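So TrEMBL has the following annotated:
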TRANSMEM  22-44  transmembrane segment
TRANSMEM  65-88  transmembrane segment
TRANSMEM  196-214  transmembrane segment
TRANSMEM  226-244  transmembrane segment
TRANSMEM  250-272  transmembrane segment
DOMAIN    297-433  domain 'RCK N-terminal'
DOMAIN    679-819  domain 'RCK N-terminal'
REGION    946-966  region 'Disordered'
Amino acid sequence: MINLFSLHLSAYILQVQLVETVFHLMICCALYINLLQVHVEFYVDENTFKERLKLFFIKNQRSSLRIRIFNFCLKLLTCVLYIIRVMTDNPAQLRHTWELIFWVDRKVPVWAIQIVSECICILFQGNLWEQIFQVSFLLEMLNTVPFIITIFWPPLRNLFIPVFLNCWLAKCALESMINDLHRAIQRTHSAMFNQVLILICTLLCLVFTGACGIQHLERAGKKSLSLFNALYFCIVTFSTVGFGDVTPQIWPSQLLVVVMICVALVVLPLQFEELIYLWMERQKSGGNYSRHRAQTERHVVLCVSTLKIDLLMDFLNEFYAHPHTQDYYVVILCPCEVDVQVRRILQIPLWSQRVIYLQGSALKNQDLLRAKMDDAEACFILSSRNEADRMAADHQTILRAWAVKDFAPNCPLYVQILKPENKFHVKFADHVVCEEEFKYAMLALNCLCPATSTLITLLVHTSRGQEGQQSPEQWQRMYGRCSGNEVYHIRLGDSMFFRDYNSKSFTYAAFHAHKKYGVCLIGVKREDIKSILLNPGPRHIMSASDTCYYINITKEENSAFIFRQEEDQGKGRGHCDILNSPSGLPVHSIIASMGEREWIEGRQEVGHFVVLFCPLLSLTATDGCQLFVKGYPPNSPYIGSSPTLCHLLPQKAHFCCLRLDQSCEHVSFEDAKAYGFKNKLIIVSAETAGNGLYNFIVPLRAYYRPRRELNPIVLLLDNLPDDHFLEAISCFPMVYYMGGTIDNLDSLLQCGVLYADNLVVVDKESTMSAEEDYMADAKTIVNVQTMFRLFPSLSITTELTHPSNMRFMQFRAKDCYSLALSKLEKKERDKGSNLAFMFRLPFAAGRVFSISMLDTLLYQCFVKDYMIPIARLLLGLDTTPGSGYLCAMHVCEADLWIRTYGRLFQKFCSSSSEIPIGIYRTESHASPEVSICSVSIEGLNDTREKGEESKILTRSSSSSDQSEHPLLRKKSMYWTRRLSRRSVKRSDSSLSSIQQRLGVLRRSEREELTELVRNRMQHLGLHTAGYKDVTNLTASDVMNRVNLGYLQDELNDQQNSISYVLINPAPDTLLQLNDVVYVAHPDRYTYTHIYFFNCCYSLTNCRH
């Protein structure tokens, strides 16, 4: 045991010794490392006394500024002392004449102060060896050294020293002082300011030097000059006036004048040249928007990559159309130099005091500071849609939006994006408009509700409804008046229109507000809910805190209310007058039943959800061999698309089955006729299958579209789509694609143009960047014109890049009526109208559209922040639960007993809770084109016949007379055409024969076109039995084409049609046969979908 203990003890001692040894080794290593480390001091050169002085007097901005100010004051003091010496000088003490040039009478106090100032100046010279060859140093030595010598040699105290040359040293000190001043306050000064300061100082120094030199040299003459006279002489001489009353008398002063003039001729032109160059550069860059103006005035900033004249005028006209924006300033920030046209516009007095152009980039903080972005009321960032690469244009817009948000986070942003897939990058902006989203949704609705593009365009433009009021045409006056209707909002509790309908249903309020005031209530928003509801129907009970959205010619705040009692109430009222009477129609009970009894009996509350049992709604429905289901599309092509309940296929179609012109193992059809579609096709011609095209399909497949009315969709694409796009559209029924272009007749025939009702031509991106801007639409216009001639019964909707090219759609060179409309457009533009193009027949009929017309939607959001959500609801881009949708209904013969639009409004509200918004009307009229053509062909030059023809060409007002007797239209369109033919009946039999000859010529032309189409169909192996010649159209085809608003000169050379949109027309507007009524339909199935999908979600969770 003892041995074992001793062993453990010895082992423990060894461990302790080992630990001590290791500890000592660590201490030694640490000491060794400390011995190897070297302490390094940095910036030791700044610790010397010389560097500290240099840091204080030169490098330090504030201290160096004080030193320069002190030096500048000393130089001015020496010049003042020279003037004092001249004023106290007594040259009579000197005997010889030439001695007066070298000797002066200097008083002792002046000499003493001069000595002190010169000694102080010599101390601030710094390193003498660095300045020895500088002109300023030589001048300093010339004025300083002689004074220092006089300290040691008193007889030289009266020696003349040109102290007045210190003015040039003062000029240099002033320039340095200004630079240090701006450095000290951290402010970027203007080069223009510096150059102006240098020029002024140079002029003052030249004048002061010449005046002092001439005054001193003239002391040696017979008659000396005072300093004032010398100054007067210099100013008169340098201004090239030269009175001659004061002149130098001796040759030294004359020589000095010659030298000063030569110096002035060399120095001043250089200074002026530099100043003019800086002024021109400033004109290009635009200068700055001052901080004082930004704090005292209100301004908005417009950021664009390139500024075109059309874009600028659209923005200015729409922005300044509102009264409360009249005192705003517009600051344009553009990286490009302003072109000649824009510069000419900005020089107009109307805009020169309101618009400020700055050349700069939004990605530079200096340029944003110049535009005072942090003080701006709003910033509009617009994309360049004329770029060949639209994706690159969006990337630039995104960077600009990020830069502005980083620099001025509190500035409201209004951003325009071209591609929908880039929208989520700028969702932080206050308002975002995606061009392709709106464009494709609007073109899709054009196929279902005619002229939807015109309806939306008129709603988002600001107008007072004064367009066309001086026109003799009734349709132009009515159309122009209704175009002034816009969307306004007001709180229900503050409204005269709607405050009486508190605690009433939405339909009740819409009914009585239109009946009493003529306003169209289309939507509402709860105070605690951000979403706007479009016609929520009778389920929505109004409250005082609700915000009402209505369509009217002006907002309620600008309206005057005149209440008058109706006379002869209840007298002579028949069945047709019941709806128009204040108490004849039991509207209260009807709406109450829809708001309470009908909806309550048909619903069942389950928790927080309400189920509506409606027999029209079914989750699955069969149509022949196809099976449709309702649901949300499983694949969205881009981030940020709004989910919409649509008609879907139960299983996705194979990619090969989507190709229309090729058969596959699943489908053996190779053309549209083989598919045997029950409804007419909708063909879309586009360059590429972009993600925006998805928004064309969704509105046409929305769940509220009747299943049996779904039209097949064919995408005619220049470039075949990728798998990503095919994956997104494979879930929709009856959607196909094929490769081809509209300028190829074979492609049109293969895609089924003969079986289509609508053809939509989308503007191609590759043609937007043409060498001549307005030629970008040339190819599209010519191709569409060709299709009009080949397929006259086809409804074609065309998108153009420039709205001004609308006048070339369906162009006819000898159409006098189109020329008259062109003159009307010019008159309206001269009056300052924002809607001068509205009277163009293609636009009024909704057959042409330009996305640039919707730029005003973004501009209006500055005043009406609700315009984008309402436009998205109308176009079906957003589907808010409880919100309605836009649809159209035709007025048939059975509806003409209603007579007026106001009574139609009441009928829709009381029967189906629908809210009419406007009317799409088609009228027939006599075309004067045929007479002019026939006269020109036959050479009728007789003056009498021309006079008679001019009378015939005068447009008859029979259309307005017919509108007053709508019952005449109850028989058929045959009687309408017969009446129109009577109104334009010719009295000359020879003229009728000429028309018949022209008709034969035109029919021969149609026969040639028909034969061309048949030959191509036979060559492609297509069935020609389905092709109808335009000369063999049935009466139903005629009716359809009249409804579409297309020209009917193929059938009747005297028959034309005009189509236009009436937004919220007057209640006493008479209805006409074939009117199309725009209706905001309530969504009665929202709660059913909410309950159904929440139940499915709950069941899924229970299974898991």
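Cβ atoms are placed via backbone N, Cα and C, with glycine included.
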For the transmembrane segment (250-272), give me same-chain residues lying six or more residues beyond its boundaries with a C-beta closer than 8 angstroms to one of its C-beta atoms, as numbers and ranges.
101, 195, 198-199, 202-203, 206, 209-210, 213-214, 217-218, 220-221, 234, 237-238
In the same chain, who gets a Cβ under 8 Å from the transmembrane segment (226-244) while lying at least 6 residues past its ends?
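83, 86-87, 203, 206-208, 210-212, 214-215, 218, 257, 260-261, 264.
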So which residues does the transmembrane segment (65-88) touch in its own chain, when a touch means Cβ under 8 Å and the partner is 6 or more beyond its ends?
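For the transmembrane segment (65-88), the far contacts come to 57, 104-107, 110, 113-114, 117-118, 120-121, 124, 143, 163-164, 166-167, 169-170, 173-174, 176-177, 180-181, 183-184, 208, 212, 215-216, 227.
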Within the domain 'RCK N-terminal' (297-433) only, compute the mean pLDDT.
90
Per DSSP, what is the residue tally for the domain 'RCK N-terminal' (297-433) in helix, strand and coil?
59 helix, 30 strand, 48 coil
